[in-house]
2 protein chains.
Amino acid sequence: MTAHIIDGKLFAENLRGRIAGHVERLKTEHGITPGLAVVIVGTDPASQVYVTNKAKQTAEVGMNSFKHELPGDVPEAELLALVHQLNADPAVHGILVQMPVPKHIDPNKVIEAIDPMKDVDSFTPANVGKVQIGLPGPVSCTPLGCLMLLRDHLGKLEGKNAVIIGRSNLVGKPMMQLLLRDNCTVTVAHSRTENLPEVVRQADIVVAAVGRPQMVKGDWLKAGAVVIDVGINRVPAPEKGEGKTRLVGDVDFASAAEVAGAITPVPGGVGPMTIACLLANTITTASLINGLVPPSDLTA
Amino acid sequence: MTAHIIDGKLFAENLRGRIAGHVERLKTEHGITPGLAVVIVGTDPASQVYVTNKAKQTAEVGMNSFKHELPGDVPEAELLALVHQLNADPAVHGILVQMPVPKHIDPNKVIEAIDPMKDVDSFTPANVGKVQIGLPGPVSCTPLGCLMLLRDHLGKLEGKNAVIIGRSNLVGKPMMQLLLRDNCTVTVAHSRTENLPEVVRQADIVVAAVGRPQMVKGDWLKAGAVVIDVGINRVPAPEKGEGKTRLVGDVDFASAAEVAGAITPVPGGVGPMTIACLLANTITTASLINGLVPPSDLTA
């Protein structure tokens, strides 16, 4: 193995430290305590774990954390009413509705109900558009985390050939905007791309975000490429015992690490960055809501 | 010369014919006469020509055309008040403020004042975001025109390698969204791209939108590539007499036509499509405002 392992866990820890500093500054200099409201509908165990982690990390950086738990059969109108209440609450600077919501609720309606000024996931059309145009605002958390890791490892990204595999609204498309803004030549590849390995082989930077376990192989990579693996896939791990599982990325780590210059592991790479960037976005929105310039080290 | 010449003038004429059919249908079946309001500030001769053409073509397809001329020294507040008045006017389904506006007026403020439902240029962040997410709404006129020409010439675009040269908010970035939605593998190249000719040489589809006269040469192209030339550059034409000029694109037409499979000329290629797509967008917004499904043949 030759690749440098990009330690997302450590980076996220340092980022949270910087965020705590900005929280302290907002409190003492401006009398603002940033507040993040998380809404969870139903009792999905994975969602419960995420929400608990978010609340814990929000409190740890000194922000106010507001948790709203609604039963799985809550009427859509009631959820929308809660969102409107949070929109109007001056103590709340970020609103996150944990997805997926139960099937009787239209997720687009929920997203459109969130005040774009408090849309820390950058899900609303207005915030998606602002990222493309280059106006200040929150940026999708996972792509922002990937960008921070890339900038930290490479310094300037200008002129690099970046290939993004996957074109989801959550990761691929906002990632394309951020890498373009950092002056990469950006290619977006996906399920309909012909000769994908050849396309990937031209990349200095590869971002894999397709949700297929270990799809990207080492021989798809240019020697020295920097590989960001966004995938989090649970696969059987019989070697750990019957019925056991383990987490793998969209990249075949073992073969990729032989060729890449640097690579994020799964777990411990991009994963820990997402919540940290959610907190970063809450600083950005709390600043903008109060007419302050957001800190430049917490956004794209 | 071997390339097929894509006749944008003819296509735009046919498109306007289809638009006239939709106008007739909206009038007779729904009692709606689509209306497009164009606002021009000052007396810039080029802008006057554009606005006159827009008004003429709007009337020709049977829509209502509203023209508002404001003096070049109009206060920003007065322009914004007019936009708000047009937002509230039920006879107006599309609002276009001719750019550039004079320097004492902030163009972003003007754009943000336009109701996204009537933003037929697709300049507002909400509409830009909707294009990325895949929600219905108006789509930037010039990229929409390029897409229509490509679909007409190639049929399905799926799996094609598309390279866009230029990443402007007006053309390059919305073009990237539309080609991605049509299942192309999309690369965006720009002034910081390294080895641009080599990047372009991999493209089945080339969209040139940089504003540099005749920059893209024939030997940058893969044999048989389809070339869409968005550039409109005025260059000296001493062969036509002293002080004379002519229009050229971003592509060196003579050498490119030897290699390309098809190419749009300048003038007569993309240019005529832009106003036709503005009218198409007005049908789209008039439909959406009235709770109707927009015609699928007029949008992306």
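Numbers run from 1 along the shown chain.
Yeah, the Cβs are placed from backbone N, Cα and C, and that goes for glycine too.
The domain 'Tetrahydrofolate dehydrogenase/cyclohydrolase catalytic' annotation in TrEMBL covers B:6-121. What TrEMBL records for B:140-287 is domain 'Tetrahydrofolate dehydrogenase/cyclohydrolase NAD(P)-binding'. Per TrEMBL, NADP(+) binding site is recorded for B:Gly166, B:Arg167, B:Ser168, B:Ile232.
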Listing the binding-site residues B:Gly166, B:Arg167, B:Ser168, B:Ile232, which lie under 8 Å (Cβ to Cβ) from chain A?
B:Arg167
Restricting to the same chain and to sequence separations of six or more, state which residues have a Cβ under 8 Å from that of B:Ser168 (NADP(+) binding site).
B:Ala209
Given that the record lists B:Gly166, B:Arg167, B:Ser168, B:Ile232 as binding NADP(+), what is the largest C-alpha to C-alpha distance among them, in Å?
16
I'd like to know which of the binding-site residues B:Gly166, B:Arg167, B:Ile232 has the most other Cβ atoms within 10 Å of its Cβ.
B:Arg167
Considering every residue in the domain 'Tetrahydrofolate dehydrogenase/cyclohydrolase NAD(P)-binding' (B:140-287), what is the mean pLDDT value?
97
